[in-house]
Amino acid sequence: MRKKLKDMSFSKPLILSICLMCIAMIFRILDIFVFRLDDLLGEIILSKVIGFIIVILFVKMIGDNLSSIGFNVNNKWSIFILGGVITSALMILGYGGEFLIFASDSPQLLIAAIDPKAGVTGGISFALFLLFGNAINCFMEEGLFRGIMIPMLNRKYSVGMAIFLQALLFGIWHIPWAFKWYISGMVSGSGGFIMALVINFIPMILIGIVFGVMYYYTNSIWTPWISHFIINSILNLVHVSINGELNVGMTIRMSIFQSTIFILIPVLIILTKKLNKVRVEHISRINV
């Protein structure tokens, strides 16, 4: 099995990446459409846990460890500045832009534990559960799409192509939510479904590219992990009420955030070169 994985990782890294995503996707679909844990608990926690187990098993099967896929803190300042400071600042910018655009409607900031995808709400215990789910989700998605896929794809493709391909798969990974929104009635008609597809696909590709850049140029998975966790946690806990309706301007808020951070990619790369203490290895770190 190990030899087959080695051979496939060299000759067909994209196929192997797709296979790994599809295995994880099976549990994701079961979680969303069969067990419906997002409706029951507010989190599809089962598939997130299983997904991270898949990441760990794959790394072990190829005779490696988690540090080899980027679980290190060698470049602490790069991790902190890109993953924490810049992400937080641009999220504040997104909320600020939303407030300015809807200023005539007297928007109000609301702190509450709400899962925007499922619409489930709760108190402090639910907030802690959401944060826990976000942490597991970041371990799973960053481990799979950035930690495993980018180094493996980089064996055959350029850095830019490797980052783009994993981001494309990251976009596909989020498409099931469009079907869930349609089935649950959150959107209706062909127009609503197409909108849901676009919202759950295109922005995820863009943020997947950003996370990929963070991962590759800081030589650490913790950079996109922190950024990913901050984004999801803020969206779970910080909401905007406009004329009594929550988060109607979320698309605008996140468009401002994602477009700004995407445009700043060259700046992020320059910052890593100035802040990094450990040189980025421009080859795959997975010893397959």
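Glycine too: its Cβ is placed from the backbone N, Cα and C atoms.
Residues or ranges marked as domain 'CAAX prenyl protease 2/Lysostaphin resistance protein A-like' by TrEMBL: 125-233.
Using a Cβ-Cβ cut-off under 8 Å and counting only residues 6 or more beyond its ends in the same chain, the transmembrane segment (12-34) has close neighbours at 5, 44-47, 50-51, 54, 58, 140, 144-145, 148-149, 152-153, 155-157, 165-166, 169, 172-173, 176-177, 179-180, 183. Residues or ranges marked as transmembrane segment by TrEMBL: 12-34 (among others).
What TrEMBL lists as transmembrane segment is 40-59 (among others).
Per TrEMBL, transmembrane segment is recorded for 79-103 (among others).
Annotated transmembrane segment per TrEMBL: 123-145 (among others), in sequence order.
Feature annotation from TrEMBL assigns transmembrane segment to 157-179 (among others).
The transmembrane segment annotation in TrEMBL covers 191-218 (among others).
The transmembrane segment annotation in TrEMBL covers 225-242 (among others).
Residues annotated as transmembrane segment in TrEMBL: 254-272 (among others).
The largest share of C-beta pairs under 8 angstroms with the transmembrane segment (191-218) comes from 157-179, of the ranges 123-145, 157-179, 225-242, 254-272.
Counting Cβ pairs closer than 8 Å and at least 6 residues apart in sequence, the transmembrane segment (123-145) and the transmembrane segment (225-242) reach three or more and so form a contact. Residues 73, 109, 214, 218, 220, 222-227, 230-231, 234, 238, 240, 242, 249-250, 252-257, 260-261, 264, 268, 271-272, 275 of the same chain lie 6 or more positions beyond the ends of the transmembrane segment (79-103) yet place their CB under 8 Å from a CB of it.
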